[in-house]
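The structure that follows is given in the form of structure tokens.
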């Protein structure tokens, strides 16, 4: 009735799934899950992920009944109201007790796989036969929509490959989606598919009349030691609502007449809306006492661990704070002008492998491009079912799941620092999880190589053009495009520091032309800075602004212009957002308003550059698809040569 | 040897798959497929899609041997060279005989499903028992990467649901991906999974020693009348190359020593590189003669059809030209200021349903949001296995496959005009196929509703912010954000006209506030135009620029400012790209450079707006994530009120 009352009161929300899955929620929060509502962040709690995020009312009601402070009756009464703790989809940053932000279907399944991976990894690294610190289960509810989404399939395939047996996926098989019966578009045998992937599958025929069958299923899942478990629970969407079993129950309020009938059918009488029967509160009190006890017991284990394994406990404690060893930044490599040049993905390789030594939580991998992305932690093994301590994750060609899984790892909250690597073009396959990293404060580091038409022969299907523009527009995300070794190190510095914000580092396939004299690792945190200027005390006549592999073009062009007697400044705009956040005076110092002759050079879409070059400036960018050919010829075709940049600058100077 | 010679010559390319699948290519082009190399566009040809697009050398070599003009020896010698007809991944717009542009893995599988859907649909609508016009098969090769990608899974699920039995998917099971053996990340039983989806599955154990087993499999597929067929072909990647059976053969050149050995193993002797044995040419000549005969026979059928079914032939011919009935635009609805207001998705509903009457090729659907998107063609039935003539496609919750399938439908080249609908936020799930529409000249119409924070209660996971910026940056794509009924009709007019370019129409969930006096359907094609101005012969003091649901805010704010004696212009910037393409004088007329006081109002990311408001202007946008709450409160919170726009404008005017 809390579900119904909340929806009727809000005149919004998705009651259907919440009603159909009420028993599942009850069993999970009352009987199955191990957690402490007094400390929702207890690290060894069981995790619950609602992949069918629109059913969040189920979760809000469960959290309320289970005694979480975060969801009071007045919060249920403010469902979907601006600023409430009960928004239309669950957000981990708004409501304590919510693990991840879900809503876009299928994401939660991948998040749950990431959480289960984190548990398996940490258990393998830190548990001792006589001191088990990490030992929790991960439960995830998915609906028909999640079952259809490709990301859920990708993640499920990996979960079985990794034998994440502590993961239980509960499939709300209610035969309805928004548009009608699932038969409109869905005729596969979902359980058989999961079996083909390597899952343990169980069907619960009638949970509405037989709670025990579901409890038994959970028990079987608990005892499974190899495969993750998929429990298909046949439910009646919008049970008792008068719209039960139809897609009409999916979202929106109910007919008041139907609500009246519902009250009659369950003998609810004329209790006020939002009434909770005291017996239920009393029953859940047991669970609350239990939660506190469980966490206490866990702490005793941790203390025992501390005395028995003092050599490991420091690292463990470091992880459980935020994973950042004091002074970790200092280990990042530095480059001199005389060092041999490399692609920025090569510099990234070195940074990543240095970081792996000082950051015990650094873990991640690539979507089958580890060698091309140069995103492999040497000497740290592969995370596989027989080596879960390994720190290199082999995602296969599954970019979308890689993003969702990385979010799960980050939001496990155990100090792990996930990185996820692919070609920049394939950020397209994982755009939504990147966005969700930003929304849910997951500090994932995205390593995106082959970051422009400069990738050459693979051609326009593989050459990013508009990706940077789209990614830079994602709120909160930091997008870096470093120009050389020191800027790459600087980007990692900021990315690692920002544990509640994702970063994306765009890196070149091709060698950059130099380690530049003026680039400074420390300046990357400002987003933009002057790398060279021959103007002395005066204002420059022109400013060339570049990023990544094109910054060097700016610098070389500046030299030519200076030879011609011009006062030229070169600015690296390595991260727009960080630059935008600088104080006005700093920005004015780097890009003085009185210098209106500006040229930006970036081998990507011009969209957004006008902000920095102003109306009179020139944007050298790519506003069409790339071309297959050797990199230098492709660059030439699109105007990314010293000659062209110089010519454009000279024309502007003569205006 | 042509494969090897091409790669050695180009010093680039992906020979491994091409070598491993050479027999498959040979059987398909020599024995299985029906096509006419003299007219690669013959509408009833069998279609071949290489989802593992990096293996394009296989396709180039097959096209060459099969006698397609588009791939001559000199084209093979220019593999991966700038401007060649043999780019690093296959592009339909570059090489005749290539059906779709592939490379991003999994896309081709969805394209093939779309092509098979188009065939099934047209066959159901136009074939007669005694006159079969549409009757071709679709073949698709996918690799391990495609098998892992979610989009391929989504598309495969739909193919079985729709019983597309003329679709044959050939899985190159070579146990290798770029990073190494597939066992790194892939342990599922792929055939069992396809069976769970409803596919007919066949395994070919050793094609390299037994061509017949593969021919038999194709024969079984041919005789299947219900299920699509999945043929797992076990192959040796990089066969004979010295790197066979390993991921080292995946891409890159071979050791010259190994090439020598290879020549020895097949007794190639010292033939020159790029030599083709004459016998093969003679053999393929049969296929060429055959192709011409097949098309001729088909034309006789078409003539017979014409005489027997004159009432249908006009529509059929219309489709086979470009599907656009002369004067179709005139049927689009028009709105007056006095008409009741609606959400722009409501106006879209009316446009779409009017268009369905005059455009026989209009076909499409939604990813389980038909009602919310208002993208349903009333009285035109659902495309289902028992009603393939239906024009509404139920994609289920599979946005990514929806995009890829729509590209396949468009590139079937039969005059079908596909539309694909979902919430704008979920363009994130289908970003890559939208991009590929633009790259491959597929005239898909994307209908994206719930286009801003204005969607309200569903909250930030469902509220697009950065999507418009990212989409506008995609080359060639037309992104519209119409403000009312007439602009929506105008957007459809341009979208439908552009048969070789995709369009995306962003539409509001919430009602707009008025059908505006100044909006003009015909002006939409210019991308931007003045909707009101009280400046008389003078220049305006300020220009307010809006799109979509915020254009009305601009207009109402302008009225207030005018009441205060100000000269104010309001500009609708409904499609940036179309406006950018206008002659300089037109743009100057709409946005005169001398009017530097400008305010843009759009409930989305500010990225890109500076181009139009200039340095001194103000961008009212959303640079953070949205919020769950009633729409009007959310709009207010983010400053989208007449009051705020007026205040911002007044402040600017007083500067």
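Positions of Cβ are set from backbone N, Cα and C atoms, glycine also.
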For the thiamine diphosphate site that TrEMBL lists with A:54, A:103, A:104, A:105, A:145, A:174, A:426, give the additional residue from the candidates A:250, A:275, A:354.
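Looking at A:250, A:275, A:354, the one TrEMBL places in the thiamine diphosphate site next to A:54, A:103, A:104, A:105, A:145, A:174, A:426 is A:250.
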Quick one: which of A:45, A:282, A:345, A:398 does TrEMBL put in the substrate site with A:14, A:250, A:372, A:450, A:458, A:462, A:509?
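The record-listed residue among the candidates is A:345.
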Rounded to a whole angstrom, what is the C-alpha distance between residue A:426 (thiamine diphosphate binding site) and residue A:399 (active site, proton donor)?
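With distance taken Cα to Cα, residue A:399 (active site, proton donor) is 7 Å from residue A:426 (thiamine diphosphate binding site).
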Looking only at Cβ atoms, how many others are within 10 Å of the one on residue A:458 (substrate binding site)?
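Total other Cβ atoms inside 10 Å, all chains included: 25.
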Near chain B: which of the recorded positions A:14, A:250, A:345, A:450, A:462, A:509 have their Cβ closer than 8 Å to one of its Cβ atoms?
A:462
Determine, using Cα-Cα distances only, which of these recorded positions is closest to residue A:54 (thiamine diphosphate binding site): A:372, A:399, A:458.
A:399
Tell me the Cβ contacts of residue A:250 (substrate binding site) under 8 Å, same chain only and six or more apart in sequence, or just say none.
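Counting only residues 6 or more apart in sequence, the Cβ neighbours of residue A:250 (substrate binding site) under 8 Å are A:14, A:16, A:17, A:176, A:177, A:178, A:237, A:238.
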So how many other Cβ atoms are close to residue A:54 (thiamine diphosphate binding site), meaning within 10 Å of its Cβ?
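Cβ-Cβ neighbours of residue A:54 (thiamine diphosphate binding site) within 10 Å number 26.
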For residue A:144 (Mg(2+) binding site), what residues in its own chain, 6 or more apart in sequence, show a Cβ-Cβ distance under 8 Å?
A:172, A:173, A:174, A:175, A:176, A:177, A:182, A:186
Distance between residue A:462 (substrate binding site) and residue A:399 (active site, proton donor) at the Cα atoms, whole Å?
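For residue A:462 (substrate binding site) versus residue A:399 (active site, proton donor), the Cα atoms are 14 Å apart.
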Quick one: mean pLDDT on the domain 'Transketolase-like pyrimidine-binding' (A:342-514)?
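So the average pLDDT across the domain 'Transketolase-like pyrimidine-binding' (A:342-514) works out to 98.
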Taking A:174, A:372 as the binding-site residues to compare, which has the smallest set of other Cβ atoms within 10 Å?
A:372
